[in-house]
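*Asks:* The following block contains the structure, expressed as structure tokens.
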Amino acid sequence: MTEITSRRGLLFGAAAVSAGALITGCTSNEPSGSKDEPAGNDQPAADDKPGKKVTIGFAGPQADHGWLNAINDNAKERAEKYADVTLEITEGSNDTAQQIGQIETLINKKVDVLVVLPADGKALTQVGLKAMRAGIPVVNLDRIFNTPQAYRCWIGGDNYGMGLNAGHYIGEKLKGKSGARVIELAGLDNLELTKQRTKGFDDALKNYPNIKKVARQAAEFTVESGQAKMAQLLQAQSKFDALWNHDDDQGVGALRAIEQAGRDDFLMVGGAGALSAFQAIKQDDGVLKATVLYPPTMAASAIDLARALGQGKGVGGMAEFEIPASITLYSAVVDKTNVDQYMPTGFQ
Amino acid sequence: MTQPVSPPRDSTDKVPEAQPPAWRGLLFRADVRTLSLLGVLAALILIGGITKPDEFLDTRNLQLVLTQASVIGVVTVGMTFVIVSGGIDLSVGAIVALASVWATTVATQEYGFVGILFTAMIVGVGCGLVNGVLIAYGAMVPFIATLAMLASARGLALQITDGKTQIVTVPSVLDLGERDAYVLGIPPLVLVFAVVTVIGWLVLNRTTFGRRTVAVGGNPEAARLAGIDVRRQRLYLYLLSGLCCGIAAFLLIVLAGSGQNTNGNLYELDAIAAAIIGGTLLSGGRGTIVGSVLGVLIFTTITNIFALNNLQSDVQQIAKGAIIVAAVLVQRRTASTT
């Protein structure tokens, strides 16, 4: 997915550059007021001021997990912030057929813009295409559709980047330690995102020849599975220097297993950005030293983008007239130095 | 059902309640089966000992395996009773989830250890009561009634938590999972598991209740004719299964330090698989607590060996399936020779 994203990014970049050239070409005859003024300064950019009324349809998966729950909350709260936005939200579902039905209902209701976080991106591509053909632009949230024709804009997290940044963080912390051993507690192995996170992690570790990944076990994104798998890992690896855990929810269980085993001889990096993880990092009295973000704020941003789309505006701070075609969020590393800044985004 | 009852038939068709040798025979047959299960377990221990001698044959690992077996083990004891009576309980995982999230809601945590323990058990028993009433007095097929409970209990668990992980903040509950709480090197969770197993064994093999359970499972009509209140017996059995789920939920809270709506995922299948590997007939009338517990231990040991050897989850799942088939085939062999 990362490769596709970057390739699309390249295409988009090229398109933006040529569009920019076109704009400059068209406007170069006109004398410009001041030289340092950005080209697109007078374009309409989305801001907080009420504008044209927009009805946004939102369809997401069942919020049976901390992160997904935070996604719904973020979307709702952001929509409430705008007086000109009406949010039509469907009941979350992990059933593909049901979600297709829900999106079709939203299409029939003629919402202005759709925001879709599909339970399964590939399986929902067709209904994305259907919406686009019906003239309803789709903001595809996180789990990507099969073809760019099925959405106007994609915004989501960077699973590969999570692994990469976790790997680099651990690499820097273990720098100079020869024969360092690292283990990985992965998420659900039948999800593609888990494989991307692992690949990013492995790629990052290649930069540090002194580090060897000695074990990897997959849990199921649940506290229970995190505890069970971590307890086994701790038993299997009597000595290691660092642990990367893909998900802060299962991390609650993993931390419990670590505590129960009485181990504190390694550093742990989490993933996602749960409030409990932030609190543990801030307290700094356990093994958890950092977590790599997969920000649920992307849902709020998706509402912003959908509103801008509905009002035909661009994004403030960017030169383009239109909103971008693709936005990949950064998987920032949150540790003791910056945890206060991220604390408000932590989800339960 | 409305057939007239002839007294002579009644007296010849005695149910096990009046014949102590019946369960003695059951016990003997179970012994052959138990031995074959112990053989499987011994083989696994050998494999573990050969592949990872230092990590596997370690006191800490033994404690770990038993601790991990405790939660599902308690559920399986209740499940065994239900299956022996000819029923099935598909809702055990969902009940564990509901009991664990209800017992860890903020309000409950204010009442401390006792509040959490009793809420878990009351929720378990409550769900069991609904199952039991539907099946015994509503004449619903157990498969359907407990399937409905599975769906609604999970839904309710999700509603209560709103998808959030409810972290336990009561120290006395958490302490129970710590190493300081071990009694003579045995984790408290394992002790609870052991007590539930012993009580389960005693009830099934040494009490009227147990004999009635076997009778209802073997031939409900005969049991009814023998004067057993079959419906009330069924109600009690689902209550028992619910109670076991409540206890298991509490153990899970201690173990994982939290309640989550995803707790107890697929417990129903694990518990049924363990009971069947343990020699319990899915059609009812036969089953042993010892066999079921050995089934649980076999599963947990496999998982442990896989993790110690760093096998990935796909390999684990394939091997687990193969072992279920192999164990049942071995069972058939031993069953047909006795």
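Just so you know, glycine gets a Cβ as well, placed from its N, Cα and C.
Pasting the feature list from TrEMBL:
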type     : residues  : note
TRANSMEM : B:32-50   : transmembrane segment
TRANSMEM : B:62-83   : transmembrane segment
TRANSMEM : B:90-107  : transmembrane segment
TRANSMEM : B:113-134 : transmembrane segment
TRANSMEM : B:141-161 : transmembrane segment
TRANSMEM : B:181-204 : transmembrane segment
TRANSMEM : B:235-257 : transmembrane segment
TRANSMEM : B:289-308 : transmembrane segment
*Asks:* With contact taken as 3 or more Cβ pairs under 8 angstroms (pairs 6 or more apart in sequence), are the transmembrane segment (B:62-83) and the transmembrane segment (B:113-134) in contact?
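*Replies:* Contact criterion not met.
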*Asks:* Taking B:32-50, B:141-161, B:181-204, B:235-257, B:289-308 as candidates, which has the most Cβ pairs under 8 Å with the transmembrane segment (B:113-134)?
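*Replies:* Ranked by Cβ pairs under 8 Å, first place goes to B:235-257.
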*Asks:* Which residues of the same chain, at least 6 past either end of the transmembrane segment (B:289-308), have a Cβ under 8 Å from a Cβ in it?
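*Replies:* Residues packing against the transmembrane segment (B:289-308) from afar: 30, 33-34, 37-38, 40-41, 44-45, 47-48, 51-52, 55-56, 61, 64-66, 68-69, 72-73, 76-77, 79-80, 197, 200-201, 204-205, 270, 273-280, 315-316, 319-320, 323, 327.
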*Asks:* Compare B:32-50, B:90-107, B:141-161, B:181-204 by their Cβ pairs under 8 Å to the transmembrane segment (B:235-257) and return the stretch that comes out on top.
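*Replies:* The stretch I would name here is B:90-107.
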